[in-house]
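Working notes for the structure below.
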Amino acid sequence: MKTKIFYFTGTGNSLSVARDISNELGGAELVSIPAVVDGHIETDDSDIGIVFPVYMWGIPNMVVDFVQKLKISSDQYVFAVTTCAGQPGETLVQLQKMLQKKGTDLHAGFAVRETANTIQEDNIFIKIAMLIERNSKITKSGKERLSEMVEVITNKKEHEPETSSVMLNKFGNFVYGMGMSRINTMGKFWADEKCSMCLNCQRICPSNNIEVVNDKPHWTQNCEFCQACIQWCPKEAIHIKNEDPKRRYHNPEIKVKDIMIR
């Protein structure tokens, strides 16, 4: 069995999960989605994994682009793991439908709980979702489910895409449809006087959205809203409206150099 795992990550949660699965599978190849999304994407590996975070109860734009470009055959086994702080909505069902249009399927889909990486205070949509799913959040992390996922993948078992309640799925689909079309312009970040111009933010940005203007980082309108720039800033010099300084976070098992692999 030869396995390749494609991953998209901002603060390291999805990379950490992908790395753990790779290690348990005996060293499956890890490939950064931002590193390949602009090229020809084809693999002859028998098993293909896709690991990424939930964005607004759906798939990140760059992962959508990746899946649309991916050359894949029906005899390849496809699994996916999505990381979320609450509920996945129909993220994995969305992925399944995309793959079915390409003549294949999502054979196994898992949703695991990881620490939230957004630095902004909970908005009205998050608060409504928390009311809908008050007692039924995804509770197990990637590490807690690692052996379960690897057993399914190793034996190429079918595992229905994990999803949320009907009510939350409808709400999540509404938010995703409304929000993701505007997400490229939502990253209205800025750097304050603490900025040392290390330009880590520019090097880790998956969409090359950061330029240098007047000796300061400047964000254009091609943002994936992955939070990498603000969460990895060593000086905590990057800001966004309605931020909560207590939410500075990046995965403790991942280093900034790992995120720079684009």
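Backbone N, Cα and C define each Cβ position, glycine as well.
Curation does not apply to TrEMBL; its annotations are automatic.
As annotated by TrEMBL, domain '4Fe-4S ferredoxin-type' applies to 187-215 (among others). Summarising model confidence by region, the domain '4Fe-4S ferredoxin-type' (187-215) averages a pLDDT of 94.
The annotation domain '4Fe-4S ferredoxin-type' is assigned in TrEMBL to 216-243 (among others).
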Taking a Cβ cut-off under 8 Å, which residues six or more beyond the ends of the domain '4Fe-4S ferredoxin-type' (216-243) line up next to it in the same chain?
8-11, 53, 55, 60-62, 117-121, 123, 183-202, 204-210, 249-250, 256, 259
DSSP assigns the residues of the domain '4Fe-4S ferredoxin-type' (216-243) as 5 helix, 7 strand, 16 coil
